[in-house]
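Features reported for this protein in Swiss-Prot:
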TRANSMEM  17-39  transmembrane segment
TRANSMEM  59-81  transmembrane segment
TRANSMEM  88-107  transmembrane segment
TRANSMEM  111-133  transmembrane segment
TRANSMEM  146-168  transmembrane segment
TRANSMEM  188-205  transmembrane segment
TRANSMEM  242-264  transmembrane segment
TRANSMEM  274-296  transmembrane segment
TRANSMEM  303-322  transmembrane segment
Amino acid sequence: MLTFARQQQRRNVRWLLSLSLLVLLATLLSLCAGEQWIAPGDWLSARGELFVWQIRLPRTLAVLLVGAALALSGAVMQALFENPLAEPGLLGVSNGAGVGLIAAVLLGQGQLPGWALGLCAIAGALIITLILLRFARRHLSTSRLLLAGVALGIICSALMTWAIYFSTSFDLRQLMYWMMGGFGGVDWQQSWLMIALIPVLIWICCQSQPLNMLALGETSARQLGLPLWLWRNLLVIATGWMVGVSVAMAGAIGFIGLVIPHILRLCGLTDHRVLLPGCALAGAIALLLADVVARLALASAELPIGVVTATLGAPVFIWLLLKSAR
């Protein structure tokens, strides 16, 4: 038994080291790749000063943090709701952030600064989160809380559809691009959003013990002494914050929160002590590679990153499911 535990521990360490190395390589690729390839040796030149330090570095950092946040949100929600299909959009938090952002675009007539749009997106996500907490205070079961989140998401989606229908052509283009996701407008002015993500990401990665208990089910978690109501509220708030900030920076991006935790579980990483940091690293890698593809796929334009993640990720996910079923 001790030998098996040591082997498992070594395997987990190898996984985390491998993912960390891949994050470094993907970051290097993201900083070098673009309309002009800039090798690391040229980063201190005048051209590197503009393209790498002023344009690509803030974008790369934003992609890293958003990828980690979305993957961690998916892992937390799948443990919290005991549902492998749970992901950040399922509770309606992503759509709530979308409603806040769309309301700011329409009411501000495109004149609001980027920081104001970001605050509105975060406010929308937190409003949906507070509504969910109101349901949670009634001691609803996890399944009913999940259904409440789905219903809120449908309502927010309907509001966004109405807003797009009544918007002007300029607003419509801006809203449609946001709904497909993208990092094209990220620069150092959004650094406050990046900083807002970091403490919550670190805190979530340290919560392996309660999440391991929650993954066993509500009854088992109570028997083990976990204050279920408290932890459910804390995790829902943390998830709402991460999703709201991510939507404010990059718009709606699917696939990452659903598939990354699932893929790691299929690879044998079931303990949240390893799964949480693994999700943060793997989510960052996946979104970095998708962002590079979005930038380089077309010579004259940039693809929406949400389209890239769905197109590349869905076949890989199906293949892994079929492989695990054999």
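Backbone N, Cα and C define each Cβ position, glycine as well.
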Long-range Cβ neighbours of the transmembrane segment (59-81) (under 8 Å; 6 or more residues past either end):
23, 27, 30-31, 87-88, 90-91, 142-143, 145-146, 183, 186-187, 190, 193-194, 197-198, 200-201, 204-205, 211-212, 214-215, 232, 235-236, 238-239, 242-243, 245-246, 249-250, 253, 256-262, 272, 275-276, 279-288, 291
Chain residues outside the transmembrane segment (188-205) and at least six past its termini with a C-beta under 8 angstroms from it:
54, 58, 61-62, 65-66, 68-69, 72, 76, 114-115, 118, 122, 238, 241-242, 245-246, 248-249, 276-277, 280
Per Cβ pairs under 8 Å, the stretch of 17-39, 88-107, 274-296, 303-322 packing most closely against the transmembrane segment (146-168):
88-107
Which sequence-distant residues neighbour the transmembrane segment (303-322)? Criterion: at least 6 residues beyond either end, Cβ under 8 Å.
177, 179-183, 250-256, 259, 262-263, 266, 286-287, 290-291, 293-294, 297
